[in-house]
Amino acid sequence: MIINVDSPVLEIHDLTVSYDQSPVLWNVDLSLPAGKLIGILGPNGAGKSTLIKAVMGLIPITGGYVKLFDRELNEVRSRISYVPQRESVDWNFPASVLDVVMMGTYGKLGLFRRPGKKEKKIAMDCLEKVGMQAFVDRQISELSGGQQQRVFIARALAQEADLYLMDEPFAGVDMATETAIFQLLQEMTAAGKTVIVVHHDIHSAMNYFDWIIMLNLHLVASGPKAQVVTEELLRKTYGGKLNLLTKVTDIIRQKDFNPLKS
Amino acid sequence: MSDFLYFFTFQDSSIAFVVIGITLLGIGSAYVGTYSFLDKKALLGDAISHAVLPGICLGFMLAGEKNPIYIVTGAFLSGALATFLTSWLKSNTRLSDDAIIASILSIFFGFGVVLLTVIQKSGNPEMAGLNQFIFGNAIAILEEDLYIYGGLAILIIITLTAFRKEFSMLVFNADFGKSIGYPMGAIRLVFNVLMILAVVIGIQAIGVVLMAALLIAPGAAARFWTDKLGKLLLIAGAFSAVSGILGTYVSFVIPQMPTGPWVVVFLSLFAFASFLFAPKKGVLSRFIARKYYLKKTHQDHLLKLIYHGLESGKNSFPIEEIYESFPYRKRQTKHTIDELLKTDLLTLNQGLIDFTSKGKSEAKRIVRLHRLWELYLNEYMNIAPDHVHDSAEKLEHILTPELEALLENRLNYPKLDPHQEAIPRDNDEL
C-alpha cells in the first residue's frame, strides 16, 4: 500500500543505498505531502536512519534520486533541517547549550562569519520553545538524555526550515520530554511545516503520526495512518526477517564489487 | 643564576628570538592538538610527526645543506602523503584504524632513519645539524629559520581562530555541518593541513619523535581545568608555551642537551599536576569529596542511632553505648561526635548524649528520607519490605529537598513506612 501525492514536499524515486557491499535499502519509491507529521517505522536494521541520511546527502546513494520541494537538495538546503541521532555526537565536547543551539543559525550565517546578537536572540527564542531557557549557559556534558534531545530540537528550530527530518527524537527520553516534543511537533505541522520522524515504538506511533511509512529494507507502506495501519502490513514490516532478501545481501557481500552500483 | 638572568632578561637578541619562536610554536601546536584531541584523533598526530622524517632527509639531500625552505617543504609533503595514505587505506581496506596508524608511523619513520644513515655515511659536513631533527634543539635555530617557523605558527593560530565555529562543528557534529551545506570535506582538509604544518614547525625545536606530545599533552592537561572551549584553548596554549620556554632554557644551560625531551618533561609535569590537583576532575579533589561524603554518612548514621534510641523510649543516650554500636571504629566515632557537638547538633552532659533542637530536626530529616524511600520502593516498585532497607541506607544521604517534596507528594504525605514505623515530620513529637 503506497499512496502518492501531487506536488509532494519530498519525492524519493527508486532509491537504493548500500553500505560498503551490503544493500540496506532496495528501490524505495514514495512521495510525501506537506504539513503532516510523518513517522518512519520499522524494526532494527530496517534502514530507517539510512533513508533520511540518504535524503540529506550524508551517505552516497547507489541508485535513484531524491527531490525536495521539486528541487535538488543543494538548491533548497536552507528550507530543510536535519536532526541526527542523539548518540551520534560526543556530549563531552566542551560547549554550552547556547553554543549548540546557535549552530542552527550557521546555515544562513554562512562560512567564516561569526554569530552575533541576532543569532543569539534566535537561539534563545528556540530554547524557550523547548523549555530549556534556564539551561542556556549549562555545559552540554551535564545534561540528561531528554535535555540533550531538547537542545537538538531547539537547534533544528533555529534553522527556521520548512521540512524537518529527525532521527529518533524520542529515543531514550523521559515521558515528560516525549509529550513536550510531540506537542511541539504538532504545533509545527499546524503552522504548515512538514516533520518526518524516525520512530521505533509502534504503539506511540499510532497516536503521534498523521502519515506512516513502513520500512524493512524495502518500502512496505506509505500513506495516511488510517489506510496503512493494517495487521497484514504490520506483519510484513515487523514479522521476521525477509529471508530471501537477506540471502541476496549475503551473496552480494561476498562479491568483490557491488553489482547494484552503476 | 647568572645563566638564568642572562636567559630571561633577553640581553641576547638571539635568545629573545628563540623564546618568541618557541612560544608561537607552542601555542600553535597546542591549538591544533586540542582540536584533534577532542576529535579523538590523537594518534594521527603521532603518525604524522614520525612520518615527516623521510621528507626532511630528502629535502636535505636535494638542497645539499640545512636549507629551511627545502626541509619544511619536504617535511610537509611527506606528512601530507602519510595523512592521505591513512585515510585512503581506511576507505579502501578493512584494516582497523590503529593498525593503519601504527604501520604508517613505523614504515615512514623506518624509511627516514635509513635516509638519515645514508646522509651520515656520505660525509657531508653539514649533516651535523640533521640529527637535531630527531630530538630537537631550539637553541640551534637560526634567525632566518625562525621567520619561517614563526610565520607558519601565526598562520595556524589565525586560521584556527577565524574558523573556530567551523572546526568546532567538524569535531562535534560533522554530519550536521554537511546537512546545512558546509563543505565539511574541505574543512577537514584544511584542518589536516594545519596539523601537518604544526608538526613541521616543531621538528627543529622539539624533534619528530616527541612532537606528538606537544600536540596532545597541552589539550589533555587543560581538559581537567575547564569545560569551555575558549578557556581550554587558552590554558592549553599557556601550558605549551611555558613548557617550551623552560625546555629551551634547559638546553641553553646544559650544552648538547636536546630541547624536545625537556619540553616533554615540563609538559608532563603540567599534565600530572592537572591530573592530581585540578578542581572537580582532579584525583585529589575527588578523593577529598569522597572523604567528606564518608564523614557525612557516618554523622547521619550516628544521628539516626540516637533517634532510634529515643524512639524506642529511651530518655537519653550514654556515650559508651554509641561507641559499642560502631565496633572497631571508636576513634572515628569519637571524632564524629566531636564534630556534631561542635556544629551544635548534639549535647554531652555527664556522659549522656542528647539532641539539640537543631540536631533533632536533622535526625528526623534523615529518618524521614530513609522511610519515604523505603515506602516508595515498596509501593511503586513492588519491592518486598524486607528488601528495601539497604537501598534506603545509601539514598538517605543524597536525596535532595526537591526529591523529598516529590516523594511526599507522590506518596501523599504517608504516616507509616513499610515496617509500620512512623515517618517523622518536623512538628511531630518523639
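Cβ from N, Cα, C; glycine included.
Annotated features, as they stand in TrEMBL:
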- B:356-425: domain 'Iron dependent repressor metal binding and dimerisation' (DOMAIN)
- B:15-35: transmembrane segment (TRANSMEM)
- B:42-63: transmembrane segment (TRANSMEM)
- B:69-88: transmembrane segment (TRANSMEM)
- B:100-119: transmembrane segment (TRANSMEM)
- B:146-164: transmembrane segment (TRANSMEM)
- B:185-203: transmembrane segment (TRANSMEM)
- B:232-254: transmembrane segment (TRANSMEM)
- B:260-278: transmembrane segment (TRANSMEM)
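Ranked by Cβ pairs under 8 Å to the transmembrane segment (B:69-88), the stretches B:42-63, B:100-119, B:146-164, B:232-254 are led by B:42-63. Listed stretches B:15-35, B:42-63, B:100-119, B:146-164, B:260-278 were compared with the transmembrane segment (B:232-254); the greatest number of C-beta pairs under 8 angstroms is found for B:15-35.
Nonlocal intrachain contacts for the transmembrane segment (B:260-278), taken as residues 6+ away from its ends with a CB within less than 8 angstroms of a stretch CB, comprise 135-136, 205-207, 209-211, 213-214, 217-218, 220-222, 224-225, 239-240, 242-244, 246-248, 250-251, 284-285. Broken down by DSSP into helix, strand and coil, the domain 'Iron dependent repressor metal binding and dimerisation' (B:356-425) contains 45 helix, 2 strand, 23 coil. Same-chain residues lying 6+ beyond the ends of the transmembrane segment (B:15-35) with a Cβ under 8 Å from its Cβ atoms: 6-7, 42, 45, 138-139, 141, 143, 146, 149-150, 152-154, 156-157, 160, 167, 171, 191, 194-195, 198-199, 201-202, 205-206, 211, 214-219, 222, 232-233, 236-237, 239-245, 247-248, 252. Within the chain, the transmembrane segment (B:100-119) has long-range Cβ neighbours (under 8 A, six or more residues past its boundaries) at 43-44, 46-47, 50-58, 60-61, 78, 82, 85-86, 89-90, 93, 127, 130-131, 134, 208. Long-range neighbours of the transmembrane segment (B:146-164) within the same chain, counting only residues 6 or more positions beyond its ends whose Cβ lies under 8 Å from a Cβ of the stretch, are 17-18, 20-21, 24-25, 27-29, 31-32, 35, 68-69, 72, 187, 190, 194, 197-198, 200-201, 204-205, 229.
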